[in-house]
Amino acid sequence: MSMQAALPVAMIPGNSIIHRINPIAKLVWVVGYVVLAFSTQNIVVLYSMALFALLLAPIAGITKPLLKGALILVPVGSSLLALQIIAPAVERPWTPVGEIGPLTLYGDGIYYGFVLLGRIVASLLLALVMVMTTHPSDLFTSLSKLKVPYTLNFMLAMTLQLIPVFQREVGIIMSAQKSRGMKGKGFSAVLPSFVPVFVGAIERVQQLSISLESRGFGSNGIKTSYRQVRGRPSDWVIGIVGALALGGLSAYSIWRGTWNISSDIVFSPLFVVVTFVISATLFFGVVLFAVFLSLKK
Amino acid sequence: MTDATPSALSPLAIDVRGARYVYPTGNVTALGGVDLQVKPGEIIGIIGQNGSGKTTLTKLLNGLLKPTAGTVIVDGVDTAKKSVQEMAPHVGYVFQNPNHQLFARTVQMELEFGPRNIGLSEEEIAVRVAEAVEFFGLQDYIEEHPYRVSFPIRKLVGIASIVAMRPPILILDEPSTGQDHNTTHVINGLMRRLRDQGTTVVCVSHDMPLLADVVERVIVMKSTEIIADASPREVFADKTLMARTNLQAPQVTEIALQTVVPLGGPVALTPAELAADIAMRTGRPAAARTDAVG
């Protein structure tokens, strides 16, 4: 089909070392990453995690799609930083470091801003690496080996797999309505584009449930999978090392009371102002770009 | 009346020269240097296997895709310089699945959507919708919800919603998919009538009997190129061409090719044609068929 609205986070087929790691081992790492990211406030740890995830990308051959998927971080991250500088999420008193127009900039929130950003960046990058290198079926096959009920697996799998289907559907519907002269923006475009999508979705789910039941979905017995997933010794090593390292660091962080090193780092007023200007510019740049795109015919 | 105003760019309804299309993702060539000239009022069919470039070609015609090389001029307008919405008054595109475009609360409102989008006055919209309703025989359904009518009627509503915009060029993608014999027959007749009113009709289809029956010219596509452009009779009689493209001539044409053609008979495109020839040879009149196409 023409409107290949390729999902930015779809799996990128490949046979790299990362691709071949057992999905459970990867899942351990992702979960470990999230736990560690939210139990520490140490920016060195957080950005090392992000860097590590980033380094996996060239190994897996997914650098370009990963960076594309990570673009979502630009508006999120820049708004986060900018907000923390003008309205720190720490207790007053705040120390003003500069003024831009009506806005007073404070240095107190910037560390916390970087922590928040680091958590998101680290977790998202590793999660993207995992999603982009793991066939959904493999993940669910592995999960069912761990005795996760297959109906639950199926629901997860369907949710993931239907997204590209619907994206394609939306593409076709938008093409069809544009061919009828629909302007493709504003409120007038909502009904013509969404009614067919929803009706199509409901019909699809109905058909799916009928076809599933006709193939014995819900019957008892052990489910097997067409795709075989192996757990090699190396997978065990990766999984266990991940669990120990990330779990250990999390425990250490919690023991150190979030391991906050903000007192060791002094951000110069100039750095704060520059960071604010850059992040605010990026954020408004993204907003303006989105407005521009929506206004463009 | 149609809004056909062939301007200085080309007097042809469709003028495609050296058009190529390469999908931005993965450098897949979907169309490799295609030339196609169609005069106003022609009715043509495009055939070819899946992936041969049929849909890409038709999407170039209404600007959904822009050629990566070459030019596509439709109704005198260069599609590369216009948005799909701007092309809408010039070329109508009926998508294969009517469910992909129907959304309004009533068939009537569905038909009004296109004409309103291209900025017609309310009076003009009313006239065109009434005309489309009449043309497609939708009188009994105008107050119905488009999703509550049967699939064949939905298909007609889909086509009518495009025809109500009175595009001088109409593209139909697989009009007979999922339709019963009767509806296919109705769509056939409508295509002919539209042509008679001066509309240029482009029909993409795998339904060879439909094309044999209704089009005057068949474009055969294979591996992103046009490899034949001739009358249905010539195309369907060309066994090597059919074999090369993995296409199958209508059964009646196959039978004619194996029986009456070697005897000097016609390359029949319809059962009636073959029956007439056999009747002539045997001296026995063919039994009248009630559903004879015509």
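Backbone N, Cα and C atoms are what each Cβ position is placed from, and that goes for glycine too.
Annotated features in TrEMBL:
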TRANSMEM  A:21-38  transmembrane segment
TRANSMEM  A:44-63  transmembrane segment
TRANSMEM  A:70-90  transmembrane segment
TRANSMEM  A:110-129  transmembrane segment
TRANSMEM  A:236-255  transmembrane segment
TRANSMEM  A:267-295  transmembrane segment
Recorded stretches the transmembrane segment (A:44-63) and the transmembrane segment (A:267-295) touching, at least 3 CB pairs under 8 Å: no
Leading contact stretch, A:21-38, A:110-129, A:236-255, A:267-295 vs the transmembrane segment (A:70-90) - CB distance under 8 Å: A:110-129
Cβ-Cβ under 8 Å with the transmembrane segment (A:267-295): same-chain residues at least 6 beyond its ends: 74-75, 77-82, 85-86, 97-98, 100, 105-107, 110-111, 185
Intrachain neighbours beyond the transmembrane segment (A:236-255), with Cβ under 8 angstroms and 6 or more residues off its ends: 21-22, 24-25, 28-29, 32-33, 35-36, 39-42, 45
